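Take a look at the structure below.
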Amino acid sequence: MCDAFVGTWKLVSSENFDDYMKEVGVGFATRKVAGMAKPNMIISVNGDVITIKSESTFKNTEISFILGQEFDEVTADDRKVKSTITLDGGVLVHVQKWDGKSTTIKRKREDDKLVVECVMKGVTSTRVYERA
């Protein structure tokens, strides 16, 4: 069910990411460095456990989870959040909650690309990845 996401993906375009990070509460210096990074995303599945790694010159992160089960996550900008990821109509829906706030990250396949849509309040960022 998540096989379409498995593989190594490289960032090829990013829209509105600085505004999204600002809405999340990421500081200026971190936004500038993170905004210039071109991360690779590596997605793998082992039984029920899905792993998403992000590797860049800015920071490397890794989360492993089971669909529908809440887990603790430390984000690339060091927020400590409670995350839940579900599969809804072929879209991986990742909800992060912290300090009474929440953001949603949707990962979906479109043609041969992986499209990541990050939403915080009224701000949306779209980041497009291609197979590496």
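Placement of Cβ uses the backbone N, Cα and C atoms for every residue, glycine included.
Swiss-Prot lists motif 'Nuclear localization signal' at one of the ranges 11-21, 22-32, 66-76, 88-98, namely 22-32. The fatty acid site, placed at the center of the C-beta atoms of Arg127, Val128, Tyr129, has further neighbours from the same chain whose C-beta lies within 8 angstroms: Trp9, Leu11, Val12, Ser13, Ser14, Lys113, Leu114, Val115, Val116, Thr126, Glu130. Sequence-distant neighbours of Arg127 (fatty acid binding site) (same chain, 6+ apart, CB under 8 A from its CB) are Leu11, Ser13, Ser14, Glu15, Phe17, Val115, Val116, Cys118. A sphere of 10 angstroms centred on the C-beta of Tyr129 (fatty acid binding site) encloses 22 other C-beta atoms. Taking all protein chains in view, 24 other C-beta atoms sit within 10 angstroms of the C-beta of Tyr20 (phosphotyrosine).
A helical conformation is recorded for Tyr20 (phosphotyrosine) in the three-state DSSP classification.
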